[in-house]
Amino acid sequence: MWTSQTQAQPQPQLQQQQQQSNLRTLGMTSAISTAVPKQIDYQRTAELQEVLKPYNVFETDEELNHRMEILSKLNSLVKEWIREVSVKRNMPLNLAEQVGGKIYTFGSYRLGVHHKGADIDALCVAPRHIDRSDYFTSFFELLKQQKEVTDLRAVEEAFVPVIKMNFDGIEIDMLFARLALKEIPDTMDLQDDCLLKNLDQKCVRSLNGCRVTDEILRLVPNIENFRLALRAIKLWAKKHGIYSNALGYLGGVSWAMLVARTCQLYPNAVAATLVHKFFLVFSQWKWPQPVLLKQPDTVNLGFPVWDPRVNVSDRYHLMPIITPAYPQQNSTFNVSISNRTIMQEEFKQGLAITEEIMVGKATWEKLFEPPNFFIKYRHFIVLLASSSSAEDQLEWVGLVESKVRHLIGNLERNIHITLAHVNPECFSQLEPEPDKFCTMWFIGLVFAKTENLNVDLTYDIQSFTDSVHRQAVQIKMLKDGMKIEARHVKRRQLHTYLSPSLLKKDKRNNVTPNITPLQPLNGDSPAVDGAPSNPVSRKRPSDTAAENPRKKVKTGEENLNQSDDLPSNSIVVHCGDDSSSAEDQGLNAGEERPLPPISSSPITAKETSSTLQEGFICT
C-alpha cells in the first residue's frame, strides 16, 4: 500500500534523488529539461493510465504467468532438442547435457509493453554444432508433436527466417541463431559484440532484435515512465492508422526508439509529460536528420551499417530512426514520402490535442479517437487479393501486403498524384463468395488541381501486380486461385465494399488534413526504396496518354459507367470537379513554392561530419 502511494506522489526528497540520478547524459545531446514533475503531471499520468485500461493494453497477473509458462515450456523443448541432436552427432551424453541452448525474447514483450493477446517475439540460440537446417527440420518436427502447438508454419527463405506457431493460445514468432560457441549457458548475455564474430548475416539479423531491445531499455532513464508513455503512443499510432512497418509506416521498435529519445531529452518527466513532449519534439524534427539513441559503436566486424557518409543509398532514407546496437540499421527504410507526410501531420495534430489535455481543456480519450479514413478522400484504389483456401490466403496476403509499399511508390511518381495514403487495416468482402477468400486494402488518392483530365494509372498498377506475381513464382508460392487486382472507386461507391458503419460521417473526425504536397528531392522525383532518384522516371507511358490534348475527355458519369467494363488492372481516373485535389486539402496547387527545407532534402556527403548528428527544434 505504502509503495503504491510513494510511486503516485513522490516526496520532495525522493524527487531530488531522482533528479540527481538522471543527471548523466543519455543520447546524442544533453537533456532539454531536467525539471521534476509537478502535482498536475502526476494527475494527468493517473488519468492516462485509467483511460488506457479499456483498450486492453494491460494484462492481468494470470495472463502474464501464462506467457511465462509457455516460454518455460519452449525453453525446455529447445534444450531437449539440442541434447538429442548432439547425441545423434556422437557427442557423449554427459557433454550433450551441458551444451545448453536458450530462448530469449524481444519486441513488445521484452520491452514490457505488450497488450492482451499480443504475440511473443522469441529467439532460439544454439551452440555451433547445431545448424539452421536442424532448426527447420528436427525442431520443427518436435513442435508438431506438441499438443499445445497449432497453426505451425516455417518461413525458411524469409529475410529473417522464422517459425510461426500458436502455442497454447499465444502466437509465437521464433527466430534462430547459432553462436560460434561450444555451449550456451543460461547466463549468456547477447550484448557482447564479440559474439557476432564469424556469424552469417541471417544469424546476425536474428540476434539484432534482442540486442536492440535490451539496448533501448538500457538507454532510457526511467523504464516505468518509458513503458507507460510507449503504451499510449503505440495505441495512438494504431488508432490513427500509422502503425505498420510492412506498409511503410513505423513498426513497434521504431515507435519505441522515438519514445526512448523523448525520455532522454526529458529524463525526469512522467508518462503524461513524455507523451506531450513526444509530439512537441517530432512535430518539429528536421527529417531526414536521423534519430539516434547514442553515438554508433565503432565495431569493425565487417557487417553493413547505416552510415550516409559512406553509403549513398542511406542518404535517400526519408525518416531514419537508427537502431542502437551494432550493426546499426535504419528501422524505417520502408517509409515513403506520402507516409512521412501523413505521419508529420499526425504529429502536429497530436501536439494540439495533448496541449489541450495538459491544460485541462480535453481528456485523453480525444487523443485515441480514430479519424475516419474513408471520408478524407474522394478517390480510392481498392487492392483485392484472393485465393481458394484459407491456408493459401494466409500466405498470399502476407506476400501482397509486403509489396503494397511498392505500389505507393509507383503512385507517388505519377505527376498528377499529390498523395497516396494506404490504410493499414485490411478488410473482408461484404458478401463472401463460396470457396473464395478475399482481402482488401484501400488507398486514398489526392490529385493536383486539374480540369477535364483523365489520369491513367494502368501502368502503375500493372507493374505492381507483375512484380507480385514474379515474386510468388520465384519463391514457388503461386497456386491456382491466387489472384490480385486493383480497382478505382469513388467515395460514393464504397458502400459496395464496406459496411455502412465504416462510412458513417463523424463530425469530430471529419477533418481534412492540411497536407503538404509531396516534395521532390533536390528537384528530382522522390526516391523509393533508398535508391537515388532519376528525373526521367517521372515520365511513364501512362503519362503520355494522359497528357495528350486530343484524348477524349470522359465525364464523371461516363467514367463511372465504364469502370466495371475495364480490365481489373486498367484504371483511368477522371479528374474533374469532384476530384480530391491539392486545393481541397488546403493547398494552392498553382502557387509557386520555395525550395524544400533541409527536412525534405536527402542527407548529402557535405552535410555529414565525422560524427552523425540529429536535428530538432523544440523548447
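Using the three backbone atoms N, Cα and C, a Cβ is placed for every residue, glycine included.
If you look up TrEMBL, you'll see PHE106, GLY107, SER108, ASP119, ILE120, ASP121, ASP173, LYS234, TYR243, GLY252, VAL253 marked as ATP binding site. According to TrEMBL, the Mg(2+) 2 binding site annotation covers ASP119, ASP121, ASP173. Residues or ranges marked as Mg(2+) 1 binding site by TrEMBL: ASP119, ASP121. Per TrEMBL, the feature compositional bias 'Low complexity' maps to 1-20. Annotated compositional bias 'Polar residues' per TrEMBL: 510-519, 558-571, 598-613, in sequence order. The feature compositional bias 'Basic and acidic residues' is assigned by TrEMBL to 548-557. Look at TrEMBL and you will find 27-220 tagged as domain 'Poly(A) polymerase nucleotidyltransferase'. Feature annotation from TrEMBL assigns domain 'Poly(A) polymerase central' to 225-369. Here TrEMBL flags 372-429, 434-504 as domain 'Poly(A) polymerase RNA-binding'. Positions annotated as region 'Disordered' by TrEMBL: 1-22, 498-619.
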- Query: Hey, which of the binding-site residues SER108, ASP119, TYR243, VAL253 is the loneliest by Cβ count within 10 Å?
  - Reply: ASP119
- Message: Neighbours of the Mg(2+) 2 site ASP119, ASP121, ASP173: Cβ within 8 Å of the Cβ centroid, same chain, sequence order.
- Response: GLY107, TYR109, ILE120, ALA122, LYS164, GLU171, ILE172, MET174
- Number of Cβ atoms other than its own within 10 Å, given for PHE106 (ATP binding site): 25
- Task: Taking the Cβ of ASP173 (ATP binding site) as the centre, count every other Cβ atom within 10 Å, in any protein chain shown.
- Result: 18
- Roughly how many Å separate the Cα of VAL253 (ATP binding site) from that of ASP121 (Mg(2+) 2 binding site), to the nearest whole number? 12
- Item | PHE106 (ATP binding site) and ASP119 (Mg(2+) 2 binding site), distance between Cα atoms, whole Å | 11
- Message: Please give the ATP site's span as the largest CA-CA distance among PHE106, GLY107, SER108, ASP119, ILE120, ASP121, ASP173, LYS234, TYR243, GLY252, VAL253, to the nearest whole angstrom.
- Response: 20
- Query: Taking each of PHE106, SER108, ASP173, TYR243 in turn, which of these binding-site residues have a Cα lying within 10 angstroms of the Cα of ASP121 (Mg(2+) 2 binding site)?
  - Reply: PHE106, SER108, ASP173
- Query: Would you list the DSSP helix, strand and coil counts for the residues of the domain 'Poly(A) polymerase RNA-binding' (434-504)?
  - Reply: 27 helix, 23 strand, 21 coil
- Query: Counting across all protein chains shown, how many other Cβ atoms sit within 10 Å of the Cβ of ILE120 (ATP binding site)?
  - Reply: 22
- Query: Looking only at Cβ atoms, how many others are within 10 Å of the one on ASP121 (Mg(2+) 2 binding site)?
  - Reply: 24
